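A short worksheet on the structure shown next.
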Amino acid sequence: MHQLESFCAIASQNNTGTAEDRVVEEPLKVPVGEPMGFEPKSAVVELPVPLKPEDAVSTAAGVDGKGKALPPEDLLQQAAVSPVVADESQSVESAADDDEVVKVDEVVDSAAKDDGDVADKPPANPAIAKTSLCSYFRKKGCNHGENCKFAHGESELQQRPDGSWDPTSERGKKKEDKVSTEEQSSEESRYRKCLVNIPMNWSQQKLKSFLDEKGVTYSSAQKRKSMKVGFLGFRNQEELTKSAEILDGMPVANKRLKLADVLPREWERKAIGVTEAALAGDKEEKDNDGADTVMAEDGSGNENDGKEDDNENKALEPYRSVTQVVTPLAHLSYEDQLAKKKEEIIQVLKRLARNIRKGCPSGMLLPDWLAAAKDREGLPCEFEGILPSPVVDGYRNKCEFAIGLGPDGKQRVVGFQLGSFREGINAIAEPGECRNVSSVALNFVAAFQTFIRASKLPVWDKKDNTGFWRMLTIREGREPGSADEIGKEIAEVMLIVQVCPTGVPEDRATEEYSKMAEVLIEAATTATPQLPLTALLVQEHVGVSNSAPADCPLRALPLPGLDEIRNTGKPVDEVLGHIHDYIGLSKFRISPTAFFQVNSAGAEKLYSLAGVWAGLGPDTLLFDVCCGTGAIGLTLAKRVGMVVGIEMNASAVADAQLNADLNGITNCRFIAGKAEDVIGNLLREYAIDGPVSQKASEPETGKSEASNEEQVSTLVSPANQQNGDSRPRFNNIVAIVDPPRVGLHHVVLRTLRLHKQLRRLVYISCNPDSLLANAVELCMPIKEGPVEKQKQRGGFRGSNLGHARRRVKTLPPSEPFRPVKACAVDLFPHTKHCEMVMLFER
Ligand SMILES: C[S@@+](CC[C@H](N)C(=O)[O-])C[C@H]1O[C@@H](n2cnc3c(N)ncnc32)[C@H](O)[C@@H]1O
């Protein structure tokens, strides 16, 4: 049944319109639609992310708002130290499975069960099994000491309940090697299949019992933890065919099982001698028999249930084209792209209503807005549609180009990776056909590729994590005003070349850098018209993933003879490490690692809509939560009494402060810190009334390097210290939040919800899953009565939404917000992503 129909059918059974009828009886269960993608909030082209465990460990320290999928173990390691990091793999799961919330009784498995709020506390039960290694202990020491819930070394490590070992441990690695060698050599590797739509909470043992019960004969069955996929091995074609007859389409927990082909990893293809031609032949066969799902055996999944019209069956081909990977909607007219995104957002909004309804305490009246959803075809609020991007082509002001080998495995290429490393895809393709990249960037990429092909130093190889040249980031700054012919309007360009210096003598590297600078300068000066080149930086990064931490050192290279085309009118030293861009007429300095929306013309629309909905006035205190370089607060500052911006990236905060001066704005204050650590104190400092309860706004993370008191003292300006009552106090407090892909930290949500004076909140989101989960925490009604105690870790496994619903129950009674209206803004033409603005009020 169509989702909408099923919603209406169930809604009409439960809701006939009277107040009594709106009392929640049972959680509403409806099938869930495909997840849509908003843009990952990194300012990078959506590149597939390497997802080997060791990649994630290296990424752990570098959270700068980029949405990067990491393996659960490492995400949890990360969560244990840095509460802002959530598990994207969870959110991906939750997108597909927002109803899948499972209680697990006794089994203790730290990696799979943590949620952000408990991960940072020492385990209540010292007997909890330490089944994952602590990556912090391994890298630079862990200050949780004995209380750390991860194993400090192999000797502390315990086996997991399913008999496996942490895959990053020596024992885990040995076992994996053994398994893969055996598998590879055995006949059965020819008859491997991927089983999709297994309930996430099933263990491997449970899967085996299920198969036995259904009379399926198989030689091996593997189940990925917290994933919907498993891998089955069969001894021969007959066994496979019979099993497919039993399993394919079998309903299990509201879903139908699917038996799909496995796409071997690249190294496996080589090992088992599967040629690209053979894969192409395989495609024909599959097309004929209608199989439509292909999974990479490492579980990364290109799960395709046939709804995607653009990439269907493409994973069967050796490589997808660069446009399919980077700009998968480019084959549609822009009008059709907008229509597609709009429809997907409608589904996201409906899921929001369903999920909040589902979590409403039984016996309670549904809030009016939720009861009214049935008159809006399931929408929780007005949806104002999607605003198009003012610029459709070449709009990106930041792209990260990988450096590696092309699909032939020989030629050095600078461009985009053709799939995810987990799919076994390592090949890089030139970006020429990607419509979102500017012509200026393409010119620099071409020149840089010529240089790289001549260089004696090796390019980065993700398989063995070796090589020197890793990534070229191009950031552009445009002229003020709206942009139509964007290529002509780029006034500043910053090039950041990431290298891994391991094993390369300093003088050798320096020699290469100066050759590189020469080539790039020549490219800039000989192009017609000349290309701007404002800054050339080298980032030395030794981590496994290209995603370097924000504080990774950067070195500016001299650009001899280029002063005249830098076009800044400033001394060279002042501009070397920054570029400038505009939102409308407001000028922004941007540091190399600071976030800035990649489509500045589109961002202007986004911020202006947020400003209108925020209902600002001279008596308003505007909290710009996750403010980056201050883009939102500064563009709205003239309409409010004061702006307080909060941002964890220190160089972005420095930019924000400078940007206030650049634009002659004096009523803004920017705080460097994690929002969860500082927002409670800031509200106390500026609001006329404090929050509902002091406790509610106190940092709960315990992870801030400065103590709570230290944080407070850094927040009080000298003027206020001299005269305690002189600080401005505000009645009308509004928050505009623009969090990274993982969404807002639960402490921030709790603080905002419990602060009575905050009546209006504008949420800007790039990720539907975190928006949904966060909306649950803001909008879910709470029953009067004793507050439920949060259960200790180890008893819960579920989606982000499940965690959100569970956390709401632990809140003290507080007035929920209601969604008032939503609108999408397309900042990312040709991709599946867009931004969404949602107004919440109470
Ligand atoms: C999507 S960007 C938005 C930036 C800004 N509002 C803009 O439009 O340019 C999200 C920002 O949140 C910051 N961030 C991520 N986690 C944070 C946290 N826990 N506290 C404060 N800032 C955070 C990131 O560094 C990034 O600058």
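Backbone N, Cα and C atoms are what each Cβ position is placed from, and that goes for glycine too.
TrEMBL annotations:
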- C766: active site, nucleophile (ACT_SITE)
- C766: active site (ACT_SITE)
- Q597, E647, D738: S-adenosyl-L-methionine binding site (BINDING)
- 168-190: compositional bias 'Basic and acidic residues' (COMPBIAS)
- 709-725: compositional bias 'Polar residues' (COMPBIAS)
- 128-155: domain 'C3H1-type' (DOMAIN)
- 153-190: region 'Disordered' (REGION)
- 278-318: region 'Disordered' (REGION)
- 693-727: region 'Disordered' (REGION)
- 789-812: region 'Disordered' (REGION)
- 128-155: zinc finger (ZN_FING)
### Query
Across all chains shown, how many C-beta atoms besides its own are within 10 angstroms of the C-beta of E647 (S-adenosyl-L-methionine binding site)?
28
#### Entry: Neighbour tally for Q597 (S-adenosyl-L-methionine binding site), based on other Cβ positions within 10 Å of its Cβ
27
#### Entry: Pairwise Cα distance for Q597 (S-adenosyl-L-methionine binding site)/the residue listed as 'active site, nucleophile' [Å, integer]
11
### Query
Quick one: mean pLDDT on the domain 'C3H1-type' (128-155)?
80
### Task
May I ask for the distance between the residue listed as 'active site, nucleophile' and D738 (S-adenosyl-L-methionine binding site), taken between their Cα atoms and rounded to an integer number of Å?
8
### Message
Just to be sure I understand the packing, how many Cβ atoms besides its own are within 10 Å of the Cβ of D738 (S-adenosyl-L-methionine binding site)?
### Response
26
### Taking residues Q597, E647, D738, which bind S-adenosyl-L-methionine in the record, the widest Cα spacing (Å, whole number)
15
### Query
When you measure from the Cβ of the residue listed as 'active site, nucleophile', how many other Cβ atoms are you left with inside 10 Å?
26
## Note on the structure
Residues in the zinc finger (128-155) per DSSP class, helix first, strand next, coil last, are 10 helix, 2 strand, 16 coil
### Task
Going by DSSP, give the three-state secondary structure for E647 (S-adenosyl-L-methionine binding site).
strand
